[in-house]
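Colleague: According to TrEMBL, the protein has these features:
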type     : residues : note
COMPBIAS : 520-537  : compositional bias 'Basic and acidic residues'
DOMAIN   : 313-436  : domain 'FAD-binding FR-type'
REGION   : 1-26     : region 'Disordered'
REGION   : 517-537  : region 'Disordered'
TRANSMEM : 33-51    : transmembrane segment
TRANSMEM : 147-166  : transmembrane segment
TRANSMEM : 178-203  : transmembrane segment
TRANSMEM : 210-231  : transmembrane segment
TRANSMEM : 251-270  : transmembrane segment
TRANSMEM : 277-295  : transmembrane segment
């Protein structure tokens, strides 16, 4: 093998790994081998893309659908038209609780497009594979589905084959280094926010992140196997000082050390408790690791360094194009322990369920906190008078400061506003339901926990808009919201009332996990009558205003039997509305704390097979 190929990472000058005698068999060109391995991995990714592409083509049914979800913007005329429609709907609804939306539609007070053109429905998988899909959805290891475990196991097997093939000395030589360097383009491709691979697969970048982490672990392991495998014989033979005088070997040590730092601060403990350190070390990863690898072996690693650099720079350019400088109004949602962010200057360009990354350009959050970008799911449907709305749950220092900032009355009082004006950098949209089109299903069940309600609200609002335009086949919508206590829902009562009264297909079940506190109605008697009647008095007394609407409150966390009942009840509602065999499936959307998806998957598996067949299958989207 060419001597230049024997030096990668903490390389060697060719003397520490002498060529084996002919009796050991043929030598393998490691560089060529990992090239073939990369071609095989690319082919497998291409196969997955082809298998999922038919569902992606379904978005081509409507030009506005596939054009949206990429760049945020403002379209004049939307706000005024939407505001007139919204105010008309609200006024009609508030005049008489007993008038259902179906009657309003028939009387022309809510205009529905009579030209029905729903999107084509393409199942995620053929019906004979339902049981196999159910098995792959299950979780054997905490935090990972069986399908993810299969993918990681297959990837590990491919790399182990690359390491072991005709290689008698597994833990020595340059083979591990070649494997590590060759996988860097895939590592970056799975990590980018503007993820082209994810767009082709119909999977958001957070859902690909598990594979990025696993891939990074194997790359760090391979680099350390190579580095230690070179350092040990040098030290054993007394050549360590001499070998480390070579700049190439010095850069190899820098690359290995930086990779170890990256791995250390990427473990769950630091990601959750010191996220900014995690981000800083990842930035260092690109600024130091990639150049160090190049300087270690410029002649051999150049193709991989170019590939990594192109992927990284394309991602950065797309993210800049997706960024908008806007003015937002922030207001506290005390019952939700959240901050409502409303941006009227953005009213289109996203799909329901997508999220954005937010930077607040104010030193009120701290001198350097404006550098932090935090992801939040968009809580409003596109093309509405409210514009882009976010619900930012208090979960850490940054969101706590944002809530305190929204609570500060000084700016609001001075300007006579109901909220505080701030400047934001909004980057996105990202994520979403991918190839799963909610409007193509006959029924939808949204199961959310806490602030996950933002995902459900935007999706249901979008489905209602599409129904009125004749662009949806959804016949039944069920929302299951799991909260800490009943008080949590108070700030969202106007939104919930409007959903329930403006569309007859929606029903809501709210589960509160804390014991119900004494009803504050008695305390309200001590207050002014006006305070007890206002919508915003933040008391459970407002829940009485939901009487007569399809909403229920239940104590405790919903068990598997409860969720199964929700699914089968929704299936029955659909079967009562469509002809036999015409149902196009039930789609379950999940957004909430870790573990909620496991409960939902178990419940889906327990749905009666005949009932599942009657609705043409139960699909799942986890946000």
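Quick reminder: no glycine exception, Cβ is built from N, Cα and C everywhere.
On this model, are these features tucked inside or out on the surface, and what's nearby?
Modeller: Mean pLDDT across the domain 'FAD-binding FR-type' (313-436) comes to 87 in this model.
Cβ atoms under 8 Å from those of the transmembrane segment (147-166) belong to residues 25-26, 28, 33-34, 37, 40-41, 136-137, 140-141, 175-176, 179, 183, 210-211, 214-215, 218, 222 of the same chain, restricted to positions at least 6 beyond its ends.
Note on the transmembrane segment (178-203): residues 8-9, 30-31, 33-35, 37-38, 41, 45, 48-49, 52-53, 55-56, 159, 162-163, 209, 211-212, 215-216, 218-220, 222-223, 226, 290, 293, 301, 304, 307-308, 311-312, 314-315, 318-319, 322, 357, 427, 430, 434-436 of its chain, located 6 or more positions outside it, place their CB under 8 angstroms from a CB of the stretch.
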Colleague: Taking residues 6+ outside the transmembrane segment (251-270), which of them lie with a CB under 8 Å of any CB in it?
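Modeller: Answer is 8-11, 213, 216-217, 219-220, 223-224, 227, 244, 277-278, 281-282, 284-285, 288-289, 292-293, 295-296.
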Colleague: Over the span of the domain 'FAD-binding FR-type' (313-436), count residues by DSSP class, listing helix, strand and coil in order.
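Modeller: Reading the DSSP string over the domain 'FAD-binding FR-type' (313-436) gives 36 helix, 48 strand, 40 coil.
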